[in-house]
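The following features are taken from Swiss-Prot:
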BINDING   Q50, F51, R52, Q53, K54, D82, T121, K150  4-amino-2-methyl-5-(diphosphooxymethyl)pyrimidine binding site
BINDING   D83, D102  Mg(2+) binding site
Amino acid sequence: MENTSTNGEPARAEKSIGRLHVLTDFHLQQDRSHAELARLAIRGGADTIQFRQKHGGIQNKLLEARKVATVCADASTPLLIDDHLDIAQATDADGVHLGQDDFPIDAARSVLGPSPIIGGTASKPHEAAEAYEQGADYIGFGPVFPTTSKRNPKSVKGPDGLADACEAVPIPVIAIGGITHDRVRSVLEAGAHGVAVLSAVDTARNPEQATARFRAAIDGVLREADS
């Protein structure tokens, strides 16, 4: 018999969502490949890798994503593909992350089925709620702080805006945008499940150490909360 939620709809299976998402990018820096960034981030404690490549042809994206998929599979670390359902399927990734202007979440769920992780992007609480209703497993919310990784970032939301988004949905919210080691505590205390980082790791002199500092900051806050 199919499990149902309180509103009579099929119950959504809870999935394990990581707390430290590292996005790999070859646009902000060209010193390290996606695969190398993924390897270093995982060694530093990242529990989710998100392949993000906004530029270039589909064949090049697929080639790079396959290399990252190998790294993640060897380390038993979940891999999410930014934007591209086709690449996610071709690489047997664990899921996708979809922006506001990407493939609709409900359509993606129909294509991918119930098992893969689908993350949705939101910059307002009502957008987070809409993504949840469409079938998202987690919300990437931001920018929480000023960020240089996007040319025209939407208005900064701050910890208070993040808290509103966390209250709007019953699924994990991942804070993104200008996240630094020193800001981890404020976003977790606002209700975020975890953080997603890009330039703070990808452009760091030592991505592994940068990731490890994020891991330590997250774990430290969680330990305090449990004590």
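Keep in mind that glycine also has a Cβ here, set from the backbone N, Cα and C atoms.
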Out of these binding-site residues, R52, K54, which one has the fewest other C-beta atoms within 10 Å of its own C-beta? K54
Determine, from DSSP, whether T121 (4-amino-2-methyl-5-(diphosphooxymethyl)pyrimidine binding site) sits in helix, strand or coil. strand
Cβ neighbour count within 10 Å, max among the binding-site residues D82, D83, D102, goes to D82
